[in-house]
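Look at Swiss-Prot and you will find Cys86 tagged as active site, nucleophile, backed by sequence analysis. What Swiss-Prot records for His173, Glu175 is active site. Per Swiss-Prot, the feature ATP binding site maps to Ser227, Gly228, Gly229, Val230, Asp231, Ser232, Ser233; the stated evidence is sequence analysis. What Swiss-Prot records for 9-199 is domain 'Glutamine amidotransferase type-1'. Annotation source Swiss-Prot lists domain 'GMPS ATP-PPase' at 200-392.
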Amino acid sequence: MTTNIHAQRILILDFGSQYTQLVARRIREIGVYCELWSWDVEESDIRDFNPDGIILSGGPESVTEANSPRAPQYVFDSGVPVFGVCYGMQTMAEQLGGKVATSTEREFGYAAVQVTGESALFKDLEATQDVWMSHGDKVVEIPSDFVKIAETETCPYAAMANEEKKYYGVQFHPEVTHTKNGLKMLENFVLNVCGCEGLWTSASIIEDAIARIKEQVGDDEVILGLSGGVDSSVVAMLAHRAIGDKLTCVFVDNGLLRLNEAEQVMEMFSEGFGLKIIHVEAEERFLSALSGESDPEAKRKIIGHVFVDIFDEESKKLSNAKWLAQGTIYPDVIESAASKTGKAHVIKSHHNVGGLPDDMEMGLVEPLRELFKDEVRKIGLELGLPYNMLYRHPFPGPGLGVRVLGEVKKEYCDLLRRADAIFIEELHNADLYNKVSQAFTVFLPVRSVGVMGDGRKYDWVVSLRAVETIDFMTAHWAHLPYDFLGKVSNRIINEVGGISRVVYDISGKPPATIEWE
């Protein structure tokens with residue numbers, strides 16, 4: 001009998017902090033299932049979810065302003081432990097009778113917190129804690145049934161607690177790595193205060209996913225779009241373990257893949273792991289559908305629709321294929337406003353979620369839908385997939401379709417593939433690949449004058465992009481050595497006919513996104 005890995009659960013209410021997904025990932029690291037919902041969730045949804053504890057996230061608003069977000073009153077009537085982080089602490093204080101004021105000194109960065117009282121939150125921790133602050137308001141009066149449990153020189157109530165009700169608030173961010181013992185504080189809350197156990201492990205997630213797939217599809221056949229990326233590869237391995245040859249993988253060479261990627265995918269999965277794979281050559285079909293289209297969102301939708309059309313066609317060739325397996329992961333769900341509350345903001349329409357037609361004829365199998373990327377990678381390792389494949393830099397679902405700016409043409413894709421391969425090869429050669437979080441090349445649809453030999457020529461421009469990030473929510477451009485960049489530029493211009501200029505993108509996120517489209 002499989003372990004019920006969802007038996008114990010934490011609910012995180014999102015007030016808009018850039019770190020909120022990080023809170024959820026930390027709870028999962030502790031070994032406990034959690035979900036991330038919008039702050040204005042209905043009371044009935046919280047009742048149905050039946051959490052063992054609730055975390056109120058940080059956020060950019062000010063509690064002192066009218067109509068700023070508040071926690072549903074049921075949070076404090078439910079009888080479960082509550083942990084407020086930054087804005088979450090402030091709204092907890094305000095809603096329970098305390099006072100919040102705008103601080104004369106905004107605290108941003110490292111701070112030394114002095115623990116002033118015993119608390120379950122700080123169990124087994126020293127009296128001075130290095131933490132990460134990011135706030136403009138502060139609690140100036142705590143509710144009458146709370147006690148102060150920590151302070152800083154400029155923040156009189158850095159943490160507060162009502163031990164009887166199991167309510168806790170901290171003005172800092174325990175979820176970020178800058179807070180040295182932040183994970184221990186979250187462990188104290190989730191394991192000790194809420195009484196959860198570490199049921200959420202890679203082994204138990206695999207066991208649960210296999211059981212769910214078997215239960216969902218029965219004796220039906222399943223079709224999976226295998227791209228060779230992390231998500232679809234892990235789904236393929238899970239489904240293969242669950243239903244064996246009732247899984248048919250469709251590998252679509254859409255003309256938007258990296259150099260030699262098609263050959264590598266077929267070799268690994270068909271020959272190496274023995275999966276049943278149909279190889280569809282569809283470059284012309286995708287490029288024809290994309291012809292004349294330059295809008296990024298429209299390109300994503302077109303690519304998604306053509307994929308589904310191909311799967312539909314291939315499934316009709318199978319006697320009993322009623323299910324389409326997908327590599328949708330939890331951040332896709334959150335970002336595409338397809339979360340269970342439906343209140344998340346659309347950032348980009350992910351091909352796995354927003355681009356699917358309403359009249360799709362197959363049911364969906366999405367075994368990774370509850371998982372973050374780091375969890376998917378850990379599962380992949382346990383399933384026997386190679387480290388280098390699982391920890392390769394992220395590649396967007398629409399592939400080069402969103403790395404060729406504007407209209408997508410075969411000529412542009414071929415040039416970009418070769419330029420990108422040189423960039424990645426040189427990163428490996430210089431031992432820089434694993435020191436950046438993501439690196440790739442972008443094709444710019446503009447011609448620039450160049451000099452070759454005694455003549456002038458007008459050829460295309462590509463941009464190199466490399467970023468460093470912990471969570472991909474924010475990112476810094478990578479300060480790659482000038483000599484390295486010069487070498488990459490020279491190789492691309494000399495070896496890839498048709499490119500006359502190479503530039504380097506030095507934009508951070510924000511204001512820019514990591515991908516250009």
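Every residue, even glycine, has its Cβ placed from backbone N, Cα and C.
Shown are the binding-site residues Ser227, Ser232, Ser233; the one with the most C-beta atoms within 10 angstroms of its own C-beta is Ser233. For the ATP site, the Cβ centre of Ser227, Gly228, Gly229, Val230, Asp231, Ser232, Ser233 serves as reference, and the other residues of the chain with Cβ at most 8 Å from it are Leu226, Val234, Val235, Ala236, Gly327. Taking a C-beta cut-off of under 8 Å and a sequence gap of six or more, His173 (active site) has these contacts in its own chain: Tyr19, Gly58, Val85, Cys86, Val131, Trp132, Met133, Ser134, Thr179, Gly182. Between the alpha carbons (Cα) of Gly228 (ATP binding site) and Glu175 (active site) lies a span of roughly 32 Å. Within its own chain, Val230 (ATP binding site) has Gly327, Lys373, Val376, Arg377, Gly380, Met389, Leu390, Arg392 as residues 6 or more apart in sequence whose C-beta sits under 8 angstroms from its own. Sparsest Cβ environment among the recorded positions Glu175, Asp231 (other Cβ atoms counted within 10 Å): Asp231. Within its own chain, Gly229 (ATP binding site) has Gly327, Phe395, Gly397 as residues 6 or more apart in sequence whose C-beta sits under 8 angstroms from its own. In this structure the C-alpha atoms belonging to Ser232 (ATP binding site) and Glu175 (active site) are separated by 29 Å. When the Cα of Glu175 (active site) is compared against those of the binding-site residues Ser227, Asp231, Ser233, the shortest separation belongs to Asp231. For the domain 'Glutamine amidotransferase type-1' (9-199), the model's average pLDDT works out to 93.
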